[in-house]
Amino acid sequence: MTTAQKLILASGSPRRVELLAQAGIEPARLMPMDLDETPKRSEHPRSLARRLSAEKAKAALAAIKGEAGWDGSYILAADTVVCVGRRILPKPELVSEASSALHLLSGRSHRVYTGVCLITPDKTLRQKVVDTKVRFKRLSGFDIESYLASGQWRGKAGAYGIQGIAGSFVVKLVGSYSNVVGLPLYETVGLLVGEGYDVHNRWLEG
Ligand SMILES: Cc1cn([C@H]2C[C@H](O)[C@@H](COP(=O)(O)OP(=O)(O)OP(=O)(O)O)O2)c(=O)[nH]c1=O
């Protein structure tokens, strides 16, 4: 029965919940996984996004082990990494870090990688990494100061959120917009449908 299918989103990101809702999907449970997200030495941003999304999904699987009613759930996790060349930008909590990231992004193209990991009810692990190329306008000192004052950079990869004020910094975007926000919808829905999760049934009214 498709109604028995349960989806756990191994995330504490409100953006990911909203993006799934946009695709008509409401997870049965949210499980934020607090992991060490430090890149390994010379780890490629694509590999980092892939590794961390899998670690989040596996951590959620380990956490539900033995819990009645949750075995056999689908588990979805994602990780978004912003980089300029091979330089991985932090998810800043400090104004100084955010300021450095914004100076680096100014007037340049960068890449956003999101790793998506799905663990199926039979514990098969499926992954995708999606990348999007984004070019920012040249940011003036006033742009940067004002954006820092907005606080919208806090806790976001690369110190910006494209879905907010920083959307007005974007000169060009090649690839998936939802990927930049934190969950590539086309690929995520494709993974879920491919593994038998009845996405379309969730679109029915009522
Ligand atoms: C580039 C960019 C990132 N982000 C956000 C998405 C993610 O929440 C965050 C990247 O950090 P992640 O480590 O991918 O996610 P998270 O720690 O916020 O949430 P969780 O691990 O619990 O799923 O940056 C935006 O909201 N907009 C953007 O334009």
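Glycine is treated like the rest: Cβ placed from N, Cα and C.
Worth saying up front: this structure is predicted, and the values here are computed from it rather than measured.
The following features are taken from TrEMBL:
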type: SITE; residues: Arg15; note: site 'Important for substrate specificity'
type: ACT_SITE; residues: Asp79; note: active site, proton acceptor
type: SITE; residues: Thr80; note: site 'Important for substrate specificity'
type: SITE; residues: Gln163; note: site 'Important for substrate specificity'
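Projection of TrEMBL feature records onto the structure.
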residue	record	DSSP class
Arg15	site 'Important for substrate specificity'	helix
Asp79	active site, proton acceptor	strand
Gln163	site 'Important for substrate specificity'	coil
Cβ neighbour count within 10 Å of Gln163 (site 'Important for substrate specificity'): 17
Those residues of the chain, 6+ apart, with a Cβ under 8 Å from that of Thr80 (site 'Important for substrate specificity'): Ala49, Val112, Tyr113, Thr114, Ala157, Asn179, Val180, Gly182
Length of the line joining the Cα atoms of Asp79 (active site, proton acceptor) and Gln163 (site 'Important for substrate specificity'), in Å: 17
Gln163 (site 'Important for substrate specificity') to Arg15 (site 'Important for substrate specificity') - Cα separation in whole Å: 9
Cβ neighbour count within 10 Å of the residue listed as 'active site, proton acceptor': 26
